[in-house]
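Asker: Handing you this structure, nothing more for now.
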Amino acid sequence: MERSENESSRKHSALLTILLQEYEKLKDEQIARIGFRDNLIYVTLGVFGAILSFSLVDPEHYFALLVLPWTSFILGWTYLVNDEKISSLGRHIRNVLRLQLEEMTGGSIELLGWERAHRNDKHRLRRKFEQLAIDILTFVGPGIAAICAFLVLAKEQSKELWLLLLLESGCLLLLLFEIYVYADMKRSPNIEAIEATIASEPSETNT
C-alpha cells in the first residue's frame, strides 16, 4: 500500500512538473510574440514613411503609392496572424493549463489568477474597441489613403491600373474584415463549460 502511494505521489509530482514547464514555455513564446508584434508596428510606420517620402517628392513617383496598399496588407496580415497566436496561447493557459494545475494542487486556491483577472476589467471592452480602431488606422487606413491619393494625383489611369486598384482595395477590405473578426471583443463564451468539464473529471490522484 505504501509503495503504491509513493508511486502515485511520484507520478503526481512528475505531472505537475511537466505542466509547470509547459506553462513556462508557453509564456516565453507569448512574450516573444508580443515583442515581435510591437516591433512590427514601428517597422510598419517606418516603411510607410519611406514610401510616402519617395512617392510625393516628384510627380513621376506617384506610382510608388501603389506599393503602399500591398505593404499594408502584408504587414497587417503578419501582425494579425501573430496577434492571434498570442491570443490562442493565452486561451490555452487560462482555459486548460490553469484548470489542470488547480486540479493537481487540490483546487484550494486560484492559480494564475492574472490570466483571467485582466480580462474581467470593466473597461476592457472599451480598450478593445480603441485597439481595433488603432489596428485599422495603422494597417488599413494608409493603404486606402494611398489609393485615394493616387486617384487624385495621377493623371494616367488605364484599365489595367483600375484592375490593380480594385484588387488592392479588395485585399484591404479582407484585412479589415479579418481584423474585426479576430478582435476578441468579448469574454470567451465557453470558459464556464470548460471549467465544468474539467471539474467533473475524476482526479487521477483520487483513484
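Yeah, the Cβs are placed from backbone N, Cα and C, and that goes for glycine too.
Please treat TrEMBL annotations as automatic predictions, because they have not gone through curation.
From TrEMBL, for reference:
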TRANSMEM  40-57  transmembrane segment
TRANSMEM  63-81  transmembrane segment
TRANSMEM  132-155  transmembrane segment
TRANSMEM  161-183  transmembrane segment
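Each of these features: where is it, how hidden is it, and who are its neighbours?
Answerer: For the transmembrane segment (40-57), same-chain residues at least 6 beyond its ends with a Cβ under 8 Å from one of its own Cβ atoms are 63-65, 67-68, 71-72, 75-76, 78-79, 82, 138-139, 142, 146.
Under 8 Å from some Cβ of the transmembrane segment (63-81) lie the Cβ atoms of residues 37, 40-41, 43-44, 47-48, 51-52, 54-55, 135, 138-140, 142-144, 146-147, 149-150, 153-154, 164-165, 168-169, 171-172, 175, 178-179, 182, all in the same chain and six or more residues away from its ends.
Under 8 Å from some Cβ of the transmembrane segment (132-155) lie the Cβ atoms of residues 41, 44-45, 48, 51-52, 59, 62-63, 65-66, 68-69, 71-73, 75-76, 79, 165, 168-169, 172, 175-176, 179-180, 183, 185, all in the same chain and six or more residues away from its ends.
Outside the transmembrane segment (161-183) by six or more residues, the chain places 66, 69-70, 72-73, 76-77, 80, 83-84, 87, 128, 131-132, 135-136, 139-140, 143-144, 147, 150-151 with a CB less than 8 A from a CB of the stretch.
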